[in-house]
Amino acid sequence: MSGATKLQSATKQVHEPPRAILGPTGNRARVLEEARRKIEVLRKSQQKPNKAVEKMSQAAVKNNLSVDSTCSSDSSSSFSSGVSSSSGKNVKHYGIKIVKDVRNGREIKDVSSKKERPVKRCDWITPNSDPLYMSFHDEEWGVPVYDDRKLFELLVYSQALAELSWPAILHMRDIFRKLFDNFDPSSIAQFTEKKLLSLRFNGNLLLSEPKLRAVVENAKQMLKIQQEFGSFSNYCWRFVNQKPLRNGFRYARQVPVKTPKAELMSKDLMQRGFRCVGPTAVYSFMQVAGFVNDHLKACFRYQECNVDVKKDFKPKSEETEIVTEALGNTCVSHD
């Protein structure tokens, strides 16, 4: 029995791991010290790559690039088209958001932002619309006009809509202005028959003969209105009480082709000798010249055209009464 006990104790001594050497405060303190050292070593090893990344980010900011683009070739290919050289100017980048770096005050492009939504326009303007027509909608259509020459030009275009579309007219606008002497009514009023028949483009008349004769006759009548009311603008704006009408339609199908105001102006113009000025043509003229804001309510131009209203156009009350009385005497119904 004593021999077996000795063998067991010997095997226990062989397989038993060596004990840690006691320190001044015991084994527990020594183990804690070793653990702390390991933690410090891990912290130092983790801090080294962070410094490298920080250096890379600083270099990327200097080059006006994203940090991800310097680390991955895949990320650089996704937004390389939106990155430009740093020139100190604000450049609009689609799909890239400018984020300010709080540490150094510089701007960094955030490629994680989504693309900006397209601008909402009236329903008759689509992505497939003529760019010139789209630009005309965004910059001119519905903006209040007070210049006589410009008003006469828009009246001619509104009459031409019976034969041409807006995109076709806009592409020929320079030709219209050249042949009609920049729509100077005093010059057009003196057009002879020979001059009238010479208004051609690519061998064809710019408009039909009745339309061309109407332009010349309307120029003569416009000169008379300028003498009576001071300007053609004063005459036209009386029909809407000096302020554009705002319809605020939601759908294109709600926009009318003529209104009582257009019929009133049409009748008065006819009474004064104007030609080809039916209610439909007159309402197109009122829309494009800003007498009425027919941009759809969801269109971004609806509010902008309201802001473009001329504020200092306030005629004297006496002039208003005289003009109103003159209009009342001349507005005669026509079948």
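Just so it is clear, glycine is given a Cβ too, placed from its N, Cα and C backbone atoms.
Annotations in TrEMBL come from automatic prediction, not curation.
The model shown is predicted, which means the values in this text are computed figures rather than measured ones.
What TrEMBL annotates here:
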BINDING   Cys122, His137, His295, Cys299  Zn(2+) binding site
COMPBIAS  1-12  compositional bias 'Polar residues'
REGION    1-29  region 'Disordered'
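Here the features listed in TrEMBL are placed on the structure.
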residue	record	Cβ neighbours (10 Å)
Cys122	Zn(2+) binding site	21
His137	Zn(2+) binding site	19
His295	Zn(2+) binding site	25
Cys299	Zn(2+) binding site	22
For the recorded Zn(2+) site, whose residues are Cys122, His137, His295, Cys299, find every other residue on that chain with a C-beta no more than 8 angstroms from the centre of their C-beta atoms, and list them by sequence position.
Arg121, Trp124, Ile125, Trp141, Gly142, Leu296, Phe300, Arg301, Tyr302
